[in-house]
Amino acid sequence: MAGACGKPHLSPESLSGKRRLEPDQELQPQEPPLLRDADSSLSDSEESVFSGLEDSGSDSSEDYTEEVDGADCDKDGNRTEKACGAQVQAGPPGPRTEEEGALTRDEYEEDSSDEEDIRNTVGNVPLAWYDDFPHVGYDLDGKRIYKPLRTRDELDQFLDKMDDPDFWRTVQDKMTGRDLRLTDEQVVLVQRLQRGQFGDLGFNPYEPVVDFFSGDVMIHPVTNRPADKRSFIPSLIEKEKVSRMVHAIKMGWIKPRRPQDPTPTFYDLWAQEDPNAVLGRHKMHVPAPKLALPGHAESYNPPPEYLPTEEERLAWMQQEPCERKLNFLPQKFSSLRTVPAYGRFIQERFERCLDLYLCPRQRKMRVNVDPEDLIPKLPRPRDLQPFPVCQALVYRGHSDLVRCLSVSPGGQWLASGSDDGSLRLWEVATARCMRTVLVGGVVRSIAWNPNPAICLVAVAMGDAVLLLNPALGDRLLVGSTDQLLDAFTPPEEPTLQPARWLEASEEERQGGLRLRICHSKPVTQVTWHGRGDYLAVVLSSPGHTQVLIHQLSRRRSQSPFRRSHGQVQCVAFHPTRPFLLVASQRSIRIYHLLRQELTKKLMPNCKWVSSLAVHPAGDNIICGSYDSKLVWFDLDLSTKPYKVLRHHKKALRAVAFHPRYPLFASGSDDGSVIVCHGMVYNDLLQNPLLVPVKVLKGHTLTRDLGVLDVAFHPTQPWIFSSGADGTIRLFS
């Protein structure tokens with residue numbers, strides 16, 4: 001190839017037999033291509049780039065280059081030697097020399113017909129089809145175009161990039177897989193296109209606009225085309241239309257417009273309906289109802305047993321008209337001529353006419369609906385397993401009603417509080433009472449610390465919250481909990497707090513008591529944060545100090561609210577976000593603890609909210625009420641209830657979510673626990689699936705109270721329930 005032989009990077013072997021350069025004939029730096037003539041500055045390889053052909057000397061493989069260059073140089077002979085020598089020895093030519101050379105040069109002097117045409121002929125085919133093949137397409141002769149060997153790693157490529165000053169203008173042809181070096185003209189063209197300019201240097205986008213049409217009156221028209229024949233010959237189509245309209249007028253189908261009569265028109269109310277109407281085409285014959293045949297009571301001379309007595313007559317008069325068996329009283333007449341006229345004839349006829357006048361004149365289509373189709377299609381309970389189905393164990397030992405219970409994070413121990421003034425710790429697997437702690441008062445609420453690294457139980461008794469170390473399970477865990485509590489150092493200047501933190505005495509420490517948090521009012525509920533350092537309590541006192549938040553590590557207490565929005569029933573921490581949910585009698589408010597603002601207000605439409613539970617994912621909430629409603633809220637959907645379940649017959653006392661399984665349960669005063677399947681999907685466009693799966697019974701009603709608290713096992717599909725009968729039952 002002529003263009004390939006003239007490249008300066010060829011090896012000495014490929015230039016054998018050619019005149020070598022003398023020491024004083026070194027290559028001079030050439031003038032940039034942009035300053036030279038466009039026709040004379042383009043080599044054969046560069047012309048092939050502009051013509052869509054690829055130069056064979058641009059391959060990165062040295063062997064392939066030497067083979068092609070050597071073959072082409074031998075083939076070209078003396079012409080190639082002269083061209084190569086001229087290119088090597090040529091210095092920077094002047095402008096006059098270039099012009100003279102362009103005038104005397106023959107256009108067929110450099111014939112590039114012998115150079116290899118590696119144009120890819122696959123057409124508009126995705127090149128990804130050739131990823132698994134060694135070639136990338138086919139040339140004009142049908143031979144495969146093999147991909148260049150790229151055995152260099154990224155380090156070699158980086159070194160080549162740093163050594164090669166023209167790397168920035170080298171691109172890869174996807175059709176052949178070879179590297180192309182852009183010329184200066186091509187680089188200038190790309191830069192102009194990137195700046196949003198036109199590719200042609202001589203194009204002026206701001207040339208003056210020549211207005212073809214002007215406002216001057218011209219003598220000669222723009223076009224002088226003769227008029228069409230159809231402009232003066234009548235149209236046959238219009239003639240046919242006119243003849244049709246004349247015929248319609250003669251037949252009376254088209255009537256001339258007449259002035260409208262301002263007098264109102266009356267229509268017959270009882271006329272037959274239009275048979276062309278939509279409902280008129282459906283002949284729905286409604287037969288008249290068949291009246292019962294007259295009996296002996298309707299006779300003018302009934303038998304004596306059908307005549308009412310005086311007591312029956314007075315009772316019939318005192319009854320409501322809708323409750324009477326007969327709308328008349330049987331009477332006895334001697335003959336038919338003595339029967340008087342009906343006294344309510346005119347009144348009933350008037351009511352009948354009034355009904356016909358006010359009745360709708362539109363006939364309605366009757367829709368036959370199968371009642372079974374109205375029942376929603378729910379999955380079978382066996383497809384929603386596992387869930388608790390039967391009673392497994394009964395924990396007996398309390399002498400009074402059990403108000404609250406809580407399960408340890410590991411699921412091995414169970415704590416329960418009762419009105420008999422005792423706190424009992426049970427082993428879940430055997431229903432054995434491991435320890436009994438007498439607190440000396442009614443236990444209103446109990447909560448086990450959810451942090452597995454802390455062994456503490458918070459007990460709400462009277463106006464204090466007791467923090468007990470049950471000393472069950474791992475001794476290292478029990479000891480680390482005591483070390484954590486003992487490591488606290490009180491501040492030098494005590495701050496004013498709404499509650500007092502008191503250390504337990506030595507005698508109380510032997511019973512398990514570690515700290516006592518004293519309040520000014522009785523405590524009704526205590527609950528832990530998910531991390532186990534904060535706990536919230538609810539006081540039965542009006543005002544803004546109904547809810548307090550305590551920090552265990554720093555032994556600090558604070559009142560987060562400045563004003564009250566009603567009597568607080570219960571509170572709960574959000575499992576993943578810094579939210580505090582506060583349930584009052586008629587609403588549920590969600591507060592952002594970091595921003596210290598109200599985020600959302602939920603309206604459950606209940607008379608009195610009794611309990612609250614948050615889904616482990618945090619996007620759904622359920623609450624129970626004393627008017628036997630269980631309300632499901634979807635926080636991403638609305639502030640109004642997504643679903644209201646009325647499965648219980650009496651007041652709901654407790655609701656709970658399972659931390660792992662899609663289950664939630666509710667306990668009621670009717671003595672039953674209803675377990676429901678509540679699947680929450682990650683897709684926001686799919687609503688939660690709520691299906692009741694099981695009704696668990698076992699508690700006996702005592703003092704009109706049934707189930708007082710429910711709690712799920714943390715790892716198993718089990719549920720615990722405490723009742724007014726003084727027992728705790730495990731359903732598995």
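Each Cβ is built from the backbone N, Cα and C atoms, and glycine gets one as well.
Residues or ranges marked as compositional bias 'Acidic residues' in TrEMBL: 56-71 (among others).
According to TrEMBL, the compositional bias 'Basic and acidic residues' annotation covers 72-82 (among others).
Annotation comment: TrEMBL describes 96-106 (among others) as compositional bias 'Basic and acidic residues'.
Residues or ranges marked as compositional bias 'Acidic residues' in TrEMBL: 107-117 (among others).
What TrEMBL records for 130-388 is domain 'BOP1 N-terminal'.
Summarising the annotation, TrEMBL assigns region 'Disordered' to 1-117.
Summarised by DSSP class, the composition of the repeat 'WD' (395-436) is 0 helix, 25 strand, 17 coil. Annotated repeat 'WD' per TrEMBL: 395-436 (among others), in sequence order.
Annotation source TrEMBL lists repeat 'WD' at 645-675 (among others). Within its own chain, the repeat 'WD' (645-675) is flanked in space by residues 386-388, 610-616, 622-632, 690, 692-701, 704-712, 714-715, 717, 719, 721, 723, 731, which lie at least six positions past its ends and keep a Cβ under 8 Å from the stretch.
Residues or ranges marked as repeat 'WD' by TrEMBL: 707-732 (among others). Proximity of distant same-chain residues to the repeat 'WD' (707-732), defined by a Cβ-Cβ separation under 8 Å and at least 6 residues beyond the stretch ends, is recorded for 386-396, 398-411, 414, 416, 418, 426, 428, 431, 653-661, 663, 665-669, 671-673, 675, 696, 698-701.
DSSP states for the repeat 'WD' (645-675), grouped as helix (H, G, I), strand (E, B) and coil, give 0 helix, 17 strand, 14 coil. For the repeat 'WD' (707-732), residue counts in helix, strand and coil come to 0 helix, 16 strand, 10 coil, using DSSP.
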